[in-house]
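To start, the structure itself, in structure tokens.
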């Protein structure tokens, strides 16, 4: 039989012309590479992976949330090292893809009825308030509103209902804890690398661009790891340290308790080298909340005694003053600290200005987006320092009371759920998440913690898992009853 070559008319056209096509493609790619650099080949290499990711996401929307969790940890490190694309918008893009996968492809598997709960209703109400703030007579910039609203309302509005639909199994809670603890430990280790081996070139450029004013104090680096800056790194490390330590005290296998304990210690060290004084309040508030939730009077009393001793050592002694990190933590308990006095002075100025503005100056009028998009407004000249102060300035006393009331309601309901949970292993996980949220809420009085990533993401998903606790326990009981019946 005669052999048919690639150019035989019996072959399909794309087979007959495969070699000319390949040669032309190679020439075009080579020319584009010469003109545009390695971007074009990089895109071509990434394309199959991107297609596989999108296909997988639409088949299994929970991939969007898993990717989002990872993205929230690494995004600031990526932005610091890769200039150009607006990587920050990738967070909303991932959540939007998850929603599109549900609304247009997976509506039968993930019914919207799962979102009929207090948490989603309050998120919707807070989103509506943010939309209404566009009409605030103070006239804040729409661009400032957009960028600020992403962290103050949109993240909650998109994450929580999505998680109730696609991230609602006990295995999802375990995956969430594994990712959060894993990336936080990695963050602590990378922070140690920065401290002992130095920062890389792009991090050095970031410091020289202005960040060294707050990150190099008396020649000592405040470690920031791959987070946005040292304050968020320290607060997040303290937050996850609370979760890890509480889990280490749970009714789990010895190797798991040891693993949680080791990770907790590493993350605590990450908190310490960040030089973030506000992180102390995350730790204190979280541990106290856990002791309260434990329901064991003896443990609560013992914990309070240990806390009082630690407070006394930091407040009234000079033990550890040879360590600059401990010295900086000690200043958080000094009411005469200069930075604290500046904050009090700024709050007094705001108090006078806000007395005639019950609905605030508008979303995005204060803080980073205020400086960028509302430089003509008085509030943009006042550093908020605190999330509480920022909410007060943007939404006024009316909005602040609504926001704070929502936070207290969620915290109270989470505590009630933990108390009512009988499954000891599940109860410990829910207690860890609730304690972490309590610590973040307390620390947000002194710093912007809750509205930054990854802290905000961890808190929002923590709410979801705690609220799902009663459903999981009920399903476990029903399964147990069915097994006994058969």
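Backbone N, Cα and C atoms are what each Cβ position is placed from, and that goes for glycine too.
In TrEMBL, the annotation transmembrane segment applies to 392-410, one of the ranges 373-391, 392-410, 411-429.
Checking TrEMBL for transmembrane segment across the ranges 65-82, 209-226 points to 65-82. Long-range contacts of the transmembrane segment (262-293) within its own chain (CB-CB distance under 8 A, at least 6 residues past either end) are made by residues 181, 184-185, 187-189, 191-192, 195, 217, 220, 222-225, 230-231, 233-235, 237-242, 244-246, 248, 299-300, 303-304, 307, 324-326, 328-329, 331-332, 415, 418-419, 431-432, 434-436, 438-443, 445-447, 449.
In the predicted model, the domain 'O-antigen ligase-related' (264-404) shows an average pLDDT of 80.
Proximity of the transmembrane segment (125-147) to the transmembrane segment (175-192) is not established, fewer than 3 Cβ-Cβ distances being under 8 Å for residue pairs spaced 6 or more apart. Panel annotation: around the transmembrane segment (392-410), residues 118-119, 122, 125-126, 129, 133, 148, 152, 350, 354, 357-366, 379, 382, 384, 437, 441, 463 of the same chain, lying at least six beyond its termini, place a Cβ under 8 Å from a Cβ of the stretch.
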